[in-house]
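K.L.:
Before we start, here is the structure in question, set down as structure tokens.
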Amino acid sequence: MPIRLDIKKKLSVSSERVKSVDIHPTESWALAALYSGNVTIWDYESGSNVKTFEVSELPVRCAKFITRKQWFVASSDDMRIRVYNYNTMEKVRDFEAHSDYIRYVEVHPTLPYFLTSSDDMTIKCWDWDRNFDCTQLFEGHAHYVMMVKFNPKDANTFASASLDRSIKVWGLGSPLPHYTLEGHERGVNCIDYYPSGDKPYILSGADDRTVKIWDYQTKSIVHSLEGHSHNVCSVLFHPKLPLICSASEDGTVRLWQSTTYRAETTLNYGMERAWALAATRETTKLAVGFDEGCVVVELGSDDAVVSMDGTGKVVWARNNEIQTATVRGIASAGADGEELPDGERLPVVPRDLGACELYPQSIKHNCNGRFVAVCGDGEFIIYTAQALRNKAFGQAIDFVWSASGTGDYAIRESATRVKFFKNFKESRAIKPAAASADGLFGGQLLGVKAGDSAVLFYDWDSGEFVRKIDVAPKEVYWSDSGNLVLLACENSAYVLSYNAATTASAIAMGQVDAEDGVDGSFDLMYEISDTITSGEWVGDCFIYCNASGRLEYSVGGKIQTLVHLDTNSSGSTMHSVLGYLAKEDRVYLVDKNLNIVSYKVMLAVLQYQTAVMRGDFDAANELLATIPESEYTTIARFLEAQGFKEEALQVTTDDDHKFDLALELGKIDVAHALMEQTPEEEKKSIDTMAKWKKLSDAALKISDFDLTEACSLASDDFPGLLLLYSAVGNFEGIEKLAVMAKEKGKTNIAFLSFLLTGNVEECADLLIATNRLPEAAFFARTYLPSRVGDIVSLWKDDLSKVSETAAKALADPAGNPDLFPDFDVAAQVEQMFLSQREATKATGIPSTQYPTAKDDLNLDLIALVKSQGGPPAAPAAPPAPP
């Protein structure tokens, strides 16, 4: 059976002829060397042009990343090598390397070397730690040297391909080749080594239109691949997938199975001749350079092939190698006996189980973890999980385990045939009631994906049709109890309850409708409007990763976010949920590079939240006693989100949260008591001041003026105090506020407070102290004529520092009475005002006198004094209030 490759085009850009491509191992970048003389870096996730380097006026034939130096090296037809820093765009080095066109550049995987091959029939080794000196010269080919490649198994050796129809293998330190491989009928354009050390293979492509696999130990041809109709320009063993890739001048890229040499598929993007290929072991991406541009495709999923059983034993595949490790106890065995921080990579110790006979595309534990099924290449093999001993095998497009029964599973043989197995023996076969069965889902029931329209559920024991659900899930997740199931679709997920008793009764009584199944077997509980990429049921709570890189969980349809995970450059998640261990209270995640991390998620907390959502507060209160206080605030925020704020106030241990809840519930006394307990070192913090202000506003709303005053004083809320005192007529309070504001430098509040209390002398002094001398002079002219002369004198002295002329232009009323008519009368009014102020200072003017007092505000006192021929007698002090 062929490998199921879900090929997706990630990037397609038009440009000049692309003679070389390379993929960055960590960034989502593709490096393209163009015939125009430019080198371009493309982001294949976003499709954007990251940087363009104008390298030469002649074609650039090769460009390669040197990631450990943040460089790339490029060779061009002016026979020069140029090295650039791809971050700063600085040109690091530019030198002439050969006497003819430079065909290829190969970077050593660990040493500071790179090789260049040329039409001058030589290969040179350059050392960038020695100022890019040419440290070795290799001669022996009789025609153009088209490509060189280091051996990943032994990086001291490399191979070269030449148009003299030969492949030569060399060693660093010797100018002569170790041996020569001959077998192509025309010039050899490209070569590659097998990326793993288990096969001594070299791959080659030539102008004879063939791709050959060589055993460099026996120096013989293992296999020859035919299918291209023109020269083969580039070949490679994909470092992550069991594929051989070849690009040809016929415009196609062919993919072959690297173990069976079966032709898998052919890619043709209509961009004329294909010149170059590139891939990395970190991803399943493949970059292709054409005459008319560059394409990057994804050959299947990058997700790790891994599975974890219920005890924390993890099994994963790296190519054909199967390894295992345990995560149990690791997170709690950090430095000094403390738990590892959430999100930190777990230092698991892998153990080799052996090699698998097929290339694994999925691994799945059975219900009790004793067996593991490895699927790929259209086949499956069931192994024992501990020793990888073969238990069963067969051909299948899909394989799923039952939620019960050690050896119960099902396979999909074709689009119309599904087989059931019980205790590793075939029990029955069915033809699903759908035009095409496109996938299987394991669990409490067997799910059959019916195209893009529905999923059909069947009973494991009888094979009876149970129900058709009209959605097309990507994955189906069953709870351990089997009473809940989540259908994860493209942009949303649906949680359904499953009534096993109703289903079993209907099957036993033969009351299963052929079209509708068992009525009442499923009920929709709620919908999750999110794209779920992986997940796990923990009781009635579902923990999952979404496409945006968040780890969340759903309790009764209410979503709680646990943590924001790392994402790739396009914002997609890099992790998947591996499993949950109740004894550890941790959820385990794995990324695409098989790094395992964990996060603390207490089972008791999840059970408490589930009980709350059911409305079972008796059970919730019992569970609360088993939860450590460190989790109480998390629970309280959950209760608050559900509208149970009174309960949240009782549970929370976070003072900030408790304060906010008390205010929302109108419990002003509780909030005040919390504020009174503020530590001395935090009393003047911005956060504390803001809380006092909130409490002040809340107290003001219920007309608790004493508490409002106390809060405003604690928070230095002078505007609030001014509003309060002036509103309630607190004369003494305004006087005290004026003094406090002056001491704190709040001059606007201080000035207004002094003015409200009639303390015009302090107002004038305040203006003088703040060097507001013009304002002070005009203020004195209105309210304190007796001090105008002194203030004008100060104004003149200050102004003379800027302009003597302007200072002399200022007139003093004492020396220029003609310029200030009625100034002497103003002095009499001042005395009248001061006398009245002193008479009313003790009690102020009672509010009962407002109807008459308001008219006094509009009196022209100077006109009044002039009409009476002198100042009127001061009014008698009002009687003291009873």
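From the backbone N, Cα and C atoms, a Cβ is placed for every residue, glycine too.
Just so you know, TrEMBL annotations are computer predictions that nobody has curated.
These came from TrEMBL, pasted as-is:
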{"type": "DOMAIN", "residues": "321-591", "note": "domain 'COPA/B second beta-propeller'"}
{"type": "DOMAIN", "residues": "608-796", "note": "domain 'COPA/B TPR'"}
{"type": "REPEAT", "residues": "11-52", "note": "repeat 'WD'"}
{"type": "REPEAT", "residues": "95-127", "note": "repeat 'WD'"}
{"type": "REPEAT", "residues": "138-172", "note": "repeat 'WD'"}
{"type": "REPEAT", "residues": "181-224", "note": "repeat 'WD'"}
{"type": "REPEAT", "residues": "225-266", "note": "repeat 'WD'"}
K.L.:
Same-chain Cβ contacts of the repeat 'WD' (11-52) under 8 Å, 6 or more residues past its ends?
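P.N.:
For the repeat 'WD' (11-52), the list is 58-65, 67, 72, 74, 76, 84, 86, 89, 269, 271, 275-283, 285, 287-296, 568-570.
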K.L.:
Excluding the flanking five residues on each side, which residues at least 6 beyond the ends of the repeat 'WD' (225-266) place their CB within less than 8 Å of a CB in that stretch?
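P.N.:
Apart from its flanks, the repeat 'WD' (225-266) reaches 2-3, 5, 7, 189-195, 201, 203-207, 209-213, 272-284, 286, 288-290, 299-300, 319-320, 359, 377.
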K.L.:
Please work out the mean pLDDT for the residues of the repeat 'WD' (11-52).
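P.N.:
Here the predicted model's pLDDT, averaged over the repeat 'WD' (11-52), is 94.
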K.L.:
Mind checking how the repeat 'WD' (225-266) divides into helix, strand and coil residues in DSSP?
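P.N.:
Helix (H, G, I), strand (E, B), coil: 0 helix, 23 strand, 19 coil.
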K.L.:
Taking DSSP states H, G and I as helix and E and B as strand, how many residues of the repeat 'WD' (11-52) are helix, strand and coil?
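P.N.:
When I sort the residues of the repeat 'WD' (11-52) into the three classes, I find 0 helix, 26 strand, 16 coil.
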